[in-house]
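Note sheet for the following structure.
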Amino acid sequence: MARSTPCSQTSLAVPTHFSLVSHVTVPSEGVMPSPLSLCRYLPRELSPSVDSRSCSIPLVAPRKAGKLFLGTTPPRAPGLPRRLAWFSIDWEQVCLMHRLGSGGFGSVYKATYHGVPVAIKQVNKCTKDLRASQRSFWAELNIARLRHDNIVRVVAASTRTPEDSNSLGTIIMEFGGNVTLHQVIYGATRSPEPLSCREQLSLGKCLKYSLDVVNGLLFLHSQSILHLDLKPANILISEQDVCKISDFGCSQKLQDLRCRQASPHHIGGTYTHQAPEILKGEIATPKADIYSFGITLWQMTTREVPYSGEPQYVQYAVVAYNLRPSLAGAVFTASLTGKTLQNIIQSCWEARALQRPGAELLQRDLKAFRGALG
């Protein structure tokens, strides 16, 4: 095993028999208790019975079947549903490659799993808010049962990890693409031969991407799931030029919101994209995601940053003075097409959630707009 590293570093100890391109982080010891009642969230194939073998990362001793496992199986955490404690990752089939990015609660790496490209997310335990890290891990699994072209799919998950690592858990996800919508909007793609921003974000491309995102939201909302952190950085663009909503660390099930009467600290997200009712600490609804989509569409159209200034002042002005990004630019006022975009965006970020369109109506309007353009 490689030498363990401090919490602030991203390199990671990995079993020597892994096929590696570079060092990354593998999750932490023990099993993390869930703050949510999550027994319904994982499909059966991701949570085998307690008689199954440990899903801990393989380290030393070969067992009868020829696979490598920890010498002893860690005890199941008290309070965890029996099946949830046995997430299933075949670690011998994981080939870690390189880090794609990092955020407040962990890092994401590119890898292969059973020879297929995947992304591996590891949630750090060394953070300022351990409970928030735990919530982020379990929230990612809200979509474990879901399959949709515009949603990044969860492949497998585990809370069992080597003793020296700094991770609460590992989630293996479909590899949604090398580029985010944020990178496309602001011209910071990692593609070896990037197109110009203008070529990538023609009106037709904006509407195509918008429909991808709204299709994903419509599906999520039909499953009673709210994303609650929709923004360009959390939208991946695949090699097939399809947008996929990713990063569900702030997501919530509607029934959990109603039951727990979530207070503001239960809902994370990005203040520039948060609806006024979320900033006020009210219970979230699907219309909060529609608001975030409105800001995102404005970014695609203008290729500008939504706000400048201190976050607390922006948040106050959004709630108290109905502050929004400017719709006065020529892109919105110089043509009938621009005015149509202006109306769609304005409807999405209405102050009152009830006045915003639902995902189904928004999908219909965008399809009609796209069709009218030919």
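Counting starts with 1 at the first residue shown.
Every residue gets a Cβ built from N, Cα and C, even glycine.
Annotated features in Swiss-Prot:
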- 94-370: domain 'Protein kinase' (DOMAIN)
- L100, G101, S102, G103, G104, F105, G106, S107, V108, K121: ATP binding site (BINDING)
- D229: active site, proton acceptor (ACT_SITE)
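A coil conformation is recorded for D229 (active site, proton acceptor) in the three-state DSSP classification, outside any helix or strand.
In this structure the alpha carbons, written CA, of S102 (ATP binding site) and the residue listed as 'active site, proton acceptor' are 16 Å apart.
Put simply, V108 (ATP binding site) is 17 Å from D229 (active site, proton acceptor) when counted between their Cα atoms. Counting every protein chain shown, the Cβ of L100 (ATP binding site) has 19 other Cβ atoms within 10 Å.
If you average pLDDT over the domain 'Protein kinase' (94-370) in this model, you get 89. The Cβ of G106 (ATP binding site) lies under 8 Å from the Cβ of K121, Q122, V123, N124, S133, S136, S167, each on the same chain and at least six residues away in sequence.
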